[in-house]
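J.: Structure in structure tokens, see below.
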């Protein structure tokens, strides 16, 4: 009787490498799949390593453009700052990886999909809900969650099965990275009173080591999408990666966050999002001059919901499409250019302009050019304040009445 | 027949000084009232100047403590970032000033209250709605809005009525300040493509001029209220003013914002909030470890509403009390200490601790101490994802089905 | 010198008839425009009457279909119950009327547009904001608000200018109607302790007079739009008008509401919405089986906002389009049939079915067919409750600990 | 070695009666606890039955007043209509029952608490999260979920252990009841196209059988709490029970709802809430005249959240207290009397009056008494519409420009 087949999300690291012989022991042929979503992996090496530790097939997929255009762009336009601090890094790549895994599973006629997540993180939820949404007939396996080994036990198993144990095995950190950013946790950072150590960071210099001279970038947006950097048109994935470099060398985009995971615990995470930080800041400022007030005041409600939906692994729930339909409609007029000063960890917007700017200098000015009708204010104030005034009168909340 | 009496919000500046003879011409005896809400005014000088230019009485009131305890504290605990950028400066002091004006009007048996706002700002709304809510029988006068003079006409009138014209009359800026921050607008800043000039700032050094060595502060909170700075207990007004100095010298808290005014226009404003920025940042981080997830995810909805309510001049509307009742209830467990690094314009929280911390290292850790039940995740994920999965199945949104 | 030209929203009633000679006296040639949005007017009579009382041109426009397809349908799909009670009647027709007025104004090269609203209602806001949004160069006139006559003065003026005074002039009510419903206010209803008199109603019988036998209707929806009634395909305007008759004879859809107007006052209104009530009820029930939980829980937030936006006269603000983009996306799967029992003022949904139903009898059943995995609940409950339990433990809110 | 001790939520029905011998077999002494929250149980009989089938102790607790004052009142003041249809019945009693169970467990030094819920409902979540929040050291047992028997297997076990099998065992329904209402599910109702059968109802007559003459009640509220019915002061529990009778005989308060359960499935439920329906309707109408507009428009956001929090079993999460702090603050001025007509299934508010009414006839009237300043509207409209108009101009959304 033939083996069952499992498609494994393969990173090249210890956990998913050990998973290959382990899955074989459970009776599966393993198809390894490794995606590049902008973390700068050596894909060839990873592809070979999978085969070397026992996979029957090994796929590598460059998904940078799809990730930028369909996932990172949503986070940018919707300002998806989870809990006002975490701009979604891993949460964005998981649904795309799940989609690719299911595509390979369908193509290779596989019975199951496997991921390398533990039982206490958010990513297991994101993977499993996405996979089941895309093909409910696939079994989902979580070897790391299931074997529940200590690090020592895992290394012992690796050695026994000829899985190379990396030299960095002593690193206390647990890292995930894509072009939108880098997440790091564990080790000393588990104590929220202790500052994250410098070695926890990988994409940014410290403010102390940032140059003493600022650098300026101009970003051009068309319908809420960055299309050019310093006047040069670039596709989005390249633009983000380029900005990661520029902003990273100025120490922009470090985040230290104690966040609420979906699985019910608080966890301390360190993020680096140099390019994303610049883009998110610039995009918001462009919206400040192009979105009508009523939209500007309601969009954050939609943004917060969309952040939670994506964080919580519900990318393939219909609510994501409906929330994004709102966002997309708002972006029609988000056209223009933003000038950003990068300096000592800051991304400071110094100027913004737009053909769709609703900022009207003639209405705003205090100079002689003033076109605003000051007399209108009297009637406005009377009716605007009427409910407040009536409530005070009726309920005797006035201080005293002459 | 006796003159009517008007209580004037008096700042000592040109507009409200000119308003005194102008109001007299309209048949009013003018009672000048000047509040100190932390802007560091020379109150004695202002008190005398009012009389000198024609007021019949002149009051000065030190309202710093009341402002800190009952207004700034609300903004701190509710993170009232209007449009995610402006933490409410003038919007906070207006209702308190209105309250004091009405108290003096009641005490002096006045017929009217007057303020120095123009017809295109938010402050006229805040003053008038508040005054009418506190005593609907008082007439409200807005001399500056009414006379609608050019600067030259105003100066001419001033000279004719022996009102001293200050040397700084050429300053293009329009400034308001209290202990929570400083607002500045007009002049070159009316062009949103141009960076604000260095002389627009008054409370902070530039990042370029900030020291190359960081400074650390520890802030202790009790029920969401800062009670000690670097281990020294201080009353809130003093703590904020002290932090303004410390953070100001590190360039912390500059904000450049194109915002939507209540009166329907967009306006570019520059704010400085050195102390407030430190406190708001620290307070949020303390909430990150002390608020239960469900509260942490809903409080921003209340915060945004409260920001708009205060910005829009509705401090004395019952909704403010109801929203704050929610906020106050959330603050019970916001106790603890936050360590902040001030450096090159940043206020970076490096550590936070609390007797009420809900961060549980035993649950969060990836070490051997792990107390989290990984097996629970399986059932959780299944039910959490069930609506998404059923929706996919029913509506054939699965990629393909084996 | 030639007269200026004004396009008048003409209803055929006393106010707008008197407005014609009055506008002529102000130096305008008057172009009368009367829309039929389903109130069952005698358009020919109205067209002639306008010319008879002095209009230079008189247009009549049958806008029922456009009103049904592009305005009423939005209210239906978004459940726009303003303050949970008023499903928007006049608020829906105003933007369409404004649009038609501006179209005629542009076509006839007019200088101004006029409406017959008073100064205390919402409709003046809806008209004026819509007109200005569609053509900011048009002057807007509000004769009734401007002349500020008593009823007697108006009648006197009417008689002097040969404007026929209707026999029903003594009616205390102020009525507006379209195919979505009928609004009535004023007279005895201004006392909110008094029940509305029977003569206040025009589209529905009283419950007392409703038949003792129920009537059943089946409504079929495609993508959230009603397309057939009792198996018979109908265009939307006809379907609503037909349902008005059927449901009206069963006393369905009376509403008695004290509402908050945009202009700051509370006002008591009586509405009748027989057809709309049936459709809104049926549509919600169809959504109950076709919307995924996450959408069902967020859509009301969007609905409430959209209700306020439309009520507040902001139909042509970009926020309306963005909110509707969300709504439209949700409607894709709102397909199916709903069976409604009309009886004694009730529209009771007795059955609903859909090819996109997410109600899964196999998951829901307590019979032997049960396909739900009961064991999953254990893990789900543990993680779902974890934040609550940790918060209780930390903050000693447990009753007592063994 | 001594047995462990478990406190069992005992209803007297088959499931929890069978649970007693079953728990004994697992090595527990069973302490039975039965609460009366208004369902009209024969408590003495139940107390004895528990002992008869094997409990070592049997408690009965009359919790009607606590339930009315601290649970039902919250639902009333917060209009907690889950998914706009279900006003929380079982969801309200579960936290109170859990609290009493934990109190008895602490008092009797028990090791565990047990409930009779299955694995697919909401109640298991409500019980377990509440119990763990109140005493995390208690083990929670769910015998019915664990044994997973068919009905036949359960009956067989019952007979073997001398547990009386009720004659109504063939009833297909699953019923829960308290003074706030009655919930019913299962059987034929699992098909959402089929109307619920008449025998599914227990508290209300059908509309067909309701009297042909209406009945009127007047309810008096003090700070949002009903204190008198038809002029007679009553404590809340009695008032609700009395209203259940009166409104029930007029067929008021039947609800047929396909709802989203927390555990991820849709389920069809039938509710009866005669008294609650009258109170909720009356309370909303009193708020319509006493809440200031800004509160009236934000309270529904808080209400919806609170509905979900309670539905989802999070009564003891700090968010419930914070949300209720908001609600409580809003109720200060909700004083007054509401007159309700009960007729043919309707609870129609015909009149409402309040010493705190913000409805001002002088402002609202169209008669000569009008005190509203119509001229103020002009300035109001101009500024209110300004963002919309500017957005149209800038983005060329005007129809055409003269």
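Using the three backbone atoms N, Cα and C, a Cβ is placed for every residue, glycine included.
Those TrEMBL annotations? Automatic predictions, nothing curated.
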J.: Pick the one from A:40, A:54, A:116 that TrEMBL also lists for the ATP site with A:9, A:10, A:11, A:12, A:13, A:14, A:15, A:16, A:17.
T.: A:116
J.: With DSSP assignments reduced to helix, strand and coil, which class does residue A:271 (L-citrulline binding site) get?
T.: strand
J.: Which residue, of the binding-site residues A:86, A:271, has its CB surrounded by the fewest other CB atoms within 10 A?
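T.: Comparing Cβ neighbours within 10 Å for the binding-site residues A:86, A:271, A:86 has the fewest.
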J.: Taking every residue in the domain 'Arginosuccinate synthase-like N-terminal' (A:5-164), what is their average pLDDT?
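T.: That stretch averages a pLDDT of 96.
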J.: In the same chain, outside A:9, A:10, A:11, A:12, A:13, A:14, A:15, A:16, A:17, A:116, whose C-beta lies within 8 angstroms of the Cβ mean position for the ATP site?
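T.: So the additional residues around the site are A:18, A:19.
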J.: Binding-site residues A:15, A:17, A:122, A:123, A:126, A:271: which sit with Cβ under 8 Å of a chain B Cβ?
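T.: Filtering A:15, A:17, A:122, A:123, A:126, A:271 for a Cβ under 8 Å from chain B leaves none.
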J.: Measuring Cα to Cα, how many angstrom lie between residue A:118 (L-aspartate binding site) and residue A:11 (ATP binding site)?
T.: 14
J.: Provide, as an integer number of angstrom, the distance between the C-alpha atoms of residue A:271 (L-citrulline binding site) and residue A:17 (ATP binding site).
T.: 26
J.: Where the distance is taken from Cα to Cα, which of the binding-site residues A:86, A:123, A:126, A:259 turns out closest to residue A:15 (ATP binding site)?
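T.: So, spelling it out, the nearest of the binding-site residues is A:123.
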J.: Whole-number Å only: compute the distance from the Cα of residue A:11 (ATP binding site) to the Cα of residue A:174 (L-citrulline binding site).
T.: 13
J.: Considering only the binding-site residues A:86, A:123, A:126, A:259, which residue has the minimal Cα-Cα separation from residue A:17 (ATP binding site)?
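T.: Among A:86, A:123, A:126, A:259, A:123.
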J.: Please identify which of A:17, A:118, A:122, A:174 has the densest Cβ environment, defined as other Cβ atoms within 10 Å, among these binding-site residues.
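T.: Selected residue: A:17.
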J.: Please list, in sequence order, every residue of the chain apart from A:118, A:122, A:123 whose Cβ lies within 8 Å of the Cβ centroid of the L-aspartate site.
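T.: Leaving out the recorded residues gives A:90, A:117, A:120, A:121, A:124, A:125, A:126, A:263.
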J.: Report, as a single number, how many Cβ atoms besides its own are within 10 Å of the Cβ of residue A:15 (ATP binding site).
T.: 19
